[in-house]
């Protein structure tokens with residue numbers, strides 16, 4: 001009896017296995033999937049066994065950065081998630097935002113925008129770290145900017161208006177506080193006694209990271225740099241949702257002007273440069289509609305949720321006021337200029353070139369040279385005079401004075417504040 005039952009069971013098991021093979025597909029992960037094609041084949045007397053193929057995709061292996069840095073960040077961060085900056089809670093009135101579930105959900109919705117900024121910020125950190133290690137007195141200013149910009153282009157994997165340099169690299173020296181980058185033929189050499197502001201911009205999908213630092217090679221300038229760095233950090237500390245811009249400016253000035261610096265045996269109070277300021281950043285637009293003053297007396301406008309700001313401060317041993325001086329190098333297409341008729345054919349052609357290559361991002365003459373433009377100065381000046389392109393000449397305090405700058409980009413998340421460009425250096 002036992003033997004007969006075993007034989008019947010074995011036959012039954014065999015029949016079930018055959019039935020399974022004829023009518024189903026056994027997947028690699030052990031799941032069984034009904035196969036209509038096999039059933040149709042069975043009705044026609046054609047029974048086929050089908051098996052799902054394994055995916056042949058290989059996991060990407062992250063590359064390591066080279067020295068000098070040349071590997072694009074997408075090859076290092078293969079999961080496309082880039083490092084988060086310094087995260088700070090808001091002040092007490094807004095501390096509830098940190099744990100509010102609705103605000104956290106809103107924050108998650110904006111991940112792509114934040115990730116673009118974080119990618120740009122990581123490019124900035126790596127580019128400036130390399131720059132600080134190789135820039136030395138005796139280099140030409142042209143070599144300085146080429147070192148920074150070539151590194152930036154490689155790391156951000158420059159791709160037209162999708163990713164690239166956010167604005168011309170500023171390397172303003174001594175009494176010149178901002179908007180100097182060398183034009184073709186500039187033979188200026190970086191000297192041991194120079195104070196150089198290094199202002200670097202990186203963008204990804206138009207999301208701009210704007211961050212700056214100051215380099216000096218003589219310790220007598222250390223207190224000037226310390227004053228400006230402390231003032232910038234105070235501005236970052238005071239910034240936040242509902243923070244009033246005028247109150248931020250007052251706090252910055254108080255810290256800045258508490259410092260003194262002795263240069264060549266003469267003591268100077270460090271002054272906030274009152275006609276320079278920080279600003280909000282819009283997509284593809286370096287200066288949005290809001291300005292963050294660095295002295296008291298600004299507008300009583302509030303910062304708002306979701307805004308992105310460049311908090312930057314400038315200190316000077318001079319008058320604390322800048323004026324336009326020297327040859328212009330920086331330009332940008334005005335976003336809301338509208339259609340303005342141009343009579344000069346060369347100006348029309350140059351405008352098309354600017355629109356295709358830079359959009360509303362700032363550019364400089366070197367960038368026009370780089371893409372093959374020549375004999376364009378008359379046309380460029382025509383675009384400026386027509387109100388289509390804005391020129392940004394160098395901004396200088398009195399000669400013989402020294403100026404310094406530090407700057408960070410911050411994101412006002414619904415939940416917290418992120419200093420996205422923060423690094424170990426500043």
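Just so it is clear, glycine is given a Cβ too, placed from its N, Cα and C backbone atoms.
Per Swiss-Prot, the candidate among 373, 407 that belongs to the divalent metal cation 1 site alongside 199, 210 is 407. Divalent metal cation 2 is bound by 210, 312, 407 in Swiss-Prot, and the record lists one more residue there from 179, 279, 339, which is 279. Using Cα positions, the member of the binding-site residues 279, 312, 407 nearest to residue 287 (substrate binding site) is identified as 279.
Within the same chain, the residues at least 6 positions away from residue 312 (divalent metal cation 2 binding site) whose Cβ sits under 8 Å from its Cβ are 210, 212, 232, 276, 277, 278, 292, 294, 405, 406, 407, 408, listed in sequence order. Annotated pair residue 179 (substrate binding site) and residue 279 (divalent metal cation 2 binding site), C-alpha to C-alpha distance, rounded: 15 Å. Within 8 Å of the centroid of the Cβ atoms of 199, 210, 407, where the record puts divalent metal cation 1, the same chain has further Cβ atoms from 170, 200, 201, 211, 212, 310, 312, 405, 409.
Here residue 199 (divalent metal cation 1 binding site) is positioned 14 angstrom away from residue 279 (divalent metal cation 2 binding site), judged by their C-alpha atoms. The record gives 210, 279, 312, 407 for divalent metal cation 2. Within 8 Å of the mean position of their Cβ atoms, the other Cβ atoms in that chain belong to 199, 211, 212, 278, 309, 310, 311, 408, 409.
In the three-state DSSP assignment, the secondary structure recorded for residue 312 (divalent metal cation 2 binding site) is strand.
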